[in-house]
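Take a look at the structure below.
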């Protein structure tokens, strides 16, 4: 039995930046530092930051006056930003720049009076933040959430002739493609973004897991259950006909999965650290794996800048 590692896998530039913002804020300002929502969707990462002095909350009313709060990589609504400013909270914004790009698109369309269709999963914090970029004060446009092709058939928009779409950044490209095609059939004049809103890291990791699926008879994806992009990776492998499981760490591996398998593929979602992948590799070796190789994959060199204040503090 051998193991084939996907490449790329694990942390993306947005996740790296978000985690580093929390760490540096704690180092420079001292604990506690409040973080609205899990900064990234990974239990190991969140637990580590808690030990360093981060306090995770769901709403700003849980943050004391005069405290420092960090917005998670998933982004927040305009209402949250306004509330933080009203209360005079010190804010560091760890929103992924690729999510911020989507926010700007929504705001631009709304100011122009267009309606916007957001393709995404209800209840996901990124979707809540993007939906919250629209308000009556910012423009006459409206925003609608569509989760699947079936909802396209019943969608009723205010002005079909002035419509645009955008997507949650962590979805499956295949899923969004079908929804977009269905929307274009109903609304031929619909505008789209200049570039696909599915982020580069999501696309690269999905391409890599498909490479695994072509060569393996089992694919393990390291990631937490609430990680959208990690779930999509496991779904894609299963869709390509390969047995696949999403696991938080090595302890969740069922030895029965390995029985009879010759080639095991291993990848990690964009919010899962390499240390968890290393733990899974160690466990697979205990279960009989005797060789590890790695796909060539798509090189990634993207780096997102930290907030200026944290960069300056580090230099000083």
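Every residue gets a Cβ built from N, Cα and C, even glycine.
Sequence annotations record features per position, and here Swiss-Prot assigns [4Fe-4S] cluster binding site to 12, 96, 199. In sequence order, 199, 200, 201, 270, 300, 302 are the residues near residue 12 ([4Fe-4S] cluster binding site), counting only same-chain partners six or more apart with C-beta under 8 A.
The dimethylallyl diphosphate binding site feature in Swiss-Prot is assigned to 41, 74, 124, 227, 228, 229, 271. Within its own chain, residue 229 (dimethylallyl diphosphate binding site) has 170, 201, 202, 205, 223, 269, 270, 271 as residues 6 or more apart in sequence whose C-beta sits under 8 angstroms from its own.
Among the features that Swiss-Prot reports, isopentenyl diphosphate binding site is placed at 41, 74, 124, 227, 228, 229, 271. Counting Cβ atoms from all protein chains shown, residue 227 (dimethylallyl diphosphate binding site) has 25 others lying within 10 Å of its own Cβ.
According to Swiss-Prot, the (2E)-4-hydroxy-3-methylbut-2-enyl diphosphate binding site annotation covers 41, 74, 124, 169, 227, 228, 229, 271. Taken residue by residue with DSSP, residue 41 (dimethylallyl diphosphate binding site) is part of neither helix nor strand, so it is coil.
Annotated active site, proton donor per Swiss-Prot: 126, in sequence order. The Cβ neighbour count for residue 126 (active site, proton donor), using a 10 Å radius and every protein chain shown, is 25. Secondary structure at residue 126 (active site, proton donor), as computed by DSSP, is helix.
Of the recorded residues, residue 74 (dimethylallyl diphosphate binding site) and residue 96 ([4Fe-4S] cluster binding site) place their C-alpha atoms 7 Å from one another. Restricting the binding-site residues 41, 124, 227 to those with a CA within 10 Å of the CA of residue 169 ((2E)-4-hydroxy-3-methylbut-2-enyl diphosphate binding site) leaves an empty set.
Reported as a whole number, the C-alpha separation between residue 124 (dimethylallyl diphosphate binding site) and residue 96 ([4Fe-4S] cluster binding site) equals 15 Å. On the backbone, the CA of residue 228 (dimethylallyl diphosphate binding site) and the CA of residue 126 (active site, proton donor) stand 10 Å apart. Between residue 96 ([4Fe-4S] cluster binding site) and residue 41 (dimethylallyl diphosphate binding site), the C-alpha separation comes to 13 Å.
Long-range C-beta contacts of residue 41 (dimethylallyl diphosphate binding site), restricted to its own chain and to partners at least six residues apart, with a cutoff below 8 Å, comprise 223, 224, 226, 227, 228, 230, 271.
Cβ crowding, taken as the number of other Cβ atoms within 10 Å, peaks at 271 among the binding-site residues 169, 228, 271.
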